[in-house]
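Per TrEMBL, the features are as follows:
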- 33: active site, proton acceptor (ACT_SITE)
- 33: N6-(pyridoxal phosphate)lysine (MOD_RES)
- 129, 306: substrate binding site (BINDING)
- 237-360: domain 'Alanine racemase C-terminal' (DOMAIN)
- 258: active site, proton acceptor (ACT_SITE)
Ligand SMILES: *Cc1c(COP(=O)(O)O)cnc(C)c1O
């Protein structure tokens with residue numbers, strides 16, 4: 001069998017969740033969209049279910065996958081529903097939904113749910129992707145609050161640039177949010193709020209609301225380009241590894257791989273590793289991209305191909321066929337690898353394909 005694996009450490013996932021909740025202060029919705037950023041949504045939700053306050057997903061298909069697997073915790077549709085017909089399923093499966101546009105409010109008004117819906121009303125505080133404009137927000141909220149179809153309402157917004165720690169936009173967005181939702185509670189109770197994604201939780205302790213929404217950080221990857229004292233405490237959940245499947249000994253001046261991007265400058269021992277861009281490894285990883293070779297630092301040389309890549313074994317005399325190569329994980333941090341390859345940790349984790357995943361650190365998952 002092809003020796004390529006993604007090991008999923010569910011203890012690390014729980015550790016990161018606890019850290020997120022500690023930073024956010026109150027409750028944390030574990031974001032498990034996109035198959036839990038490539039880690040397996042059902043397995044991650046099961047591993048967190050005993051302690052998570054709820055889960056966030058991108059669409060009803062993802063929510064139903066969790067319900068079908070027996071997950072009973074609250075599940076929020078982070079983009080709301082895409083068509084009114086979904087409201088029936090939202091009711092039947094007891095899901096929470098974001099409302100980000102007028103037409104969704106109209107649809108709720110026409111619906112006849114069996115119990116009041118929990119709605120997270122989204123404000124566009126400056127990202128300009130989803131959400132109601134500040135000028136519309138109050139009226140929309142008041143409409144929802146008078147509908148028998150609606151129960152609890154949470155006010156939410158999303159940050160565009162929280163990963164840029166010297167950028168004033170995050171504070172500006174938070175200020176606009178606070179100003180817009182001020183005084184909008186019922187019976188003197190303020191509206192519950194939700195602001196922080198991973199970079200906000202890690203980097204902006206002053207802008208937290210009642211509900212944190214950590215995604216990336218749960219999986220142990222940093223959203224920041226530079227080292228960060230809190231992000232560096234995260235524990236990587238996914239370790240992607242493979243093995244050396246062939247070796248060649250080359251003299252000086254020989255090209256390696258497609259396009260001869262690497263040419264040997266010394267007698268070189270080249271190891272071929274069963275990992276390529278079809279598995280989700282960055283296609284444009286430059287020469288010198290870090291890997292671990294039997295636990296010691298090594299480098300990619302030559303262009304990454306679809307199913308294989310090549311590493312320099314010259315300084316690893318003990319390495320041979322079957323040597324273990326960590327592509328990223330506990331030792332090669334996803335964030336560092338992504339930065340070297342002009343991609344992001346988000347994309348790296350979500351992009352894993354064809355690689356069988358197996359669980360470590362959990363007996364019942
Ligand atoms: C994906 C998502 C999150 C999680 O973001 P991270 O940066 O991965 O923590 C939070 N909120 C919303 C609305 C999202 O879509």
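For all residues, glycine too, the Cβ spot is worked out from N, Cα and C.
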Query raised in the report: Do you know offhand how many angstrom separate residue 258 (active site, proton acceptor) and residue 33 (active site, proton acceptor) by C-alpha?
Result: 35
**Report entry** the domain 'Alanine racemase C-terminal' (237-360) - residue tally per DSSP class, helix then strand then coil
**Finding:** 19 helix, 45 strand, 60 coil
Query raised in the report: On the 0 to 100 scale, where does the mean pLDDT of the domain 'Alanine racemase C-terminal' (237-360) fall?
Result: 97
Requested in this report: Around the Cβ of residue 33 (active site, proton acceptor), how many other Cβ atoms lie within 10 Å? Please give the count over every shown protein chain.
Outcome: 19
Report summary line: In chain order, residues whose C-beta lies under 8 angstroms from the C-beta of residue 306 (substrate binding site), counting only those at least six residues away in the same chain, are 276, 277, 278
Requested in this report: Specify the count of other C-beta atoms within 10 Å of the C-beta of residue 129 (substrate binding site).
Outcome: 10
Query raised in the report: Which state, by DSSP, holds residue 129 (substrate binding site): helix, strand or coil?
Result: coil
Query raised in the report: Near residue 258 (active site, proton acceptor), how many other Cβ atoms are within 10 Å of its Cβ?
Result: 11
